[in-house]
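J.: The following block contains the structure, expressed as structure tokens.
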Amino acid sequence: MLEGIEREAAEHSNGCSGPAGHAPPAGAPRHDWTVQQAVALHDLPLFELIDRARAVHRAFHGEHEVQLCTLLSVKTGGCPEDCAYCPQSSHYETEVGPERMLDVGAVLAAAERAREGGSTRFCMGAAWREVKDGPAFERVLDMVRGVKALGLEACCTLGMLTDDQARRLKEAGLDAYNHNLDTSRKAYKSIISTRTYDERLVTLRNVRRAGITVCSGGIIGMGESIADRCEMLVELARLDPHPESVPINALVRSPGTPLESLPPVDPIEFVRMIAVARVMMPRAMVRLSAGRTELSRETQLLCMYAGANSIFYGDRLLTTPNPGQDEDRALIEKAGLQPMAPAAARAAR
């Protein structure tokens, strides 16, 4: 039975049937993946899985390009949500306390530094459960306009959005909105109680209807099973169209959060997750996100070979550490990779 599932997964994964990597993927992306098929794909011998993912990547993306994205927390801490992984939650005693929202000038100065450092996308995050109309949202709209004026792609992650708020963000020039599913529907209940899984999907629908591109992925290493990880990717791959961006995070075990004592993510499992995401969502930008400080340079490069074509660039991701710009620049140069140009980044979305 497993062989049949593997064969079906291979034939419909936008890879051709037959030896992996010897024929280009063809046809429209699938939206009918099953968890069983995704698990079978995940469980292939590692090199076969990577070969299949690489063939898909070659067919849809530049082989040696990586997009550099910068993420800034514009409103830190004091979040009313109880996400078990997050040091910004007001439910836990962590090193991150509530801070005032940044002003527009400070955000645009950070965006200009990001552009000078080579980033082509600038994402602004706020520790909110949902966007509320009022001065804070108006400030975010001004931030988006300013980031666009700098020639950068503008992205936000602000929590739940209504249709009207999504429309206003689009009118301000927003390119992308991040709203992660985090994990599978089953595992989600043990991670978050203050927002439902379906509420997340509604926000993604509102973003899509406004004409903003969707950025949605998840976190591995929160105690979930392999099937849970694959189920999360299936949820994303069943969206039509697929998300334009799929960030894959490894849990950052923040002191004071309920998940601080969990073991680190196995690097090979992280590579597998990247490869499966690439096969299932061939046109998406697959982004190496939080947790890279615990991955070796070699693991990060293997992830890029397996289909990751974007990294978050800068020494912090919201409130968590990230490799420094000099370190990332050296890694990219040593591997012979090229930072993706803005025009190429837009064409690849």
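Cβ atoms here come from the backbone N, Cα and C positions, even for glycine.
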J.: Kindly point out which candidate in C123, C230, C303 is recorded by Swiss-Prot as part of the [2Fe-2S] cluster site with C155, C215, R287.
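T.: For [2Fe-2S] cluster, Swiss-Prot names C155, C215, R287; of C123, C230, C303, the listed one is C123.
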J.: Using a 10 Å radius around each Cβ and counting other Cβ atoms from all shown chains, which of the binding-site residues C79, C86, C123, C155 yields the largest count?
T.: C123
J.: Once near-sequence residues are set aside, which residues in the chain of C215 ([2Fe-2S] cluster binding site), 6 or more away, have Cβ atoms under 8 Å from its Cβ?
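T.: Non-local contacts for C215 ([2Fe-2S] cluster binding site): C155, T157, A176, Y177, N178, H179, P243, E244, S245, V246, P247, R287.
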J.: Could you pull the average pLDDT for the domain 'Radical SAM core' (64-283)?
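T.: Averaged over the domain 'Radical SAM core' (64-283), per-residue pLDDT gives 94.
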J.: Tell me the Cβ neighbour count for R287 ([2Fe-2S] cluster binding site), meaning other Cβ atoms within 10 Å of its Cβ, over all protein chains shown.
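T.: If we count other Cβ atoms within 10 Å of R287 ([2Fe-2S] cluster binding site), we arrive at 24.
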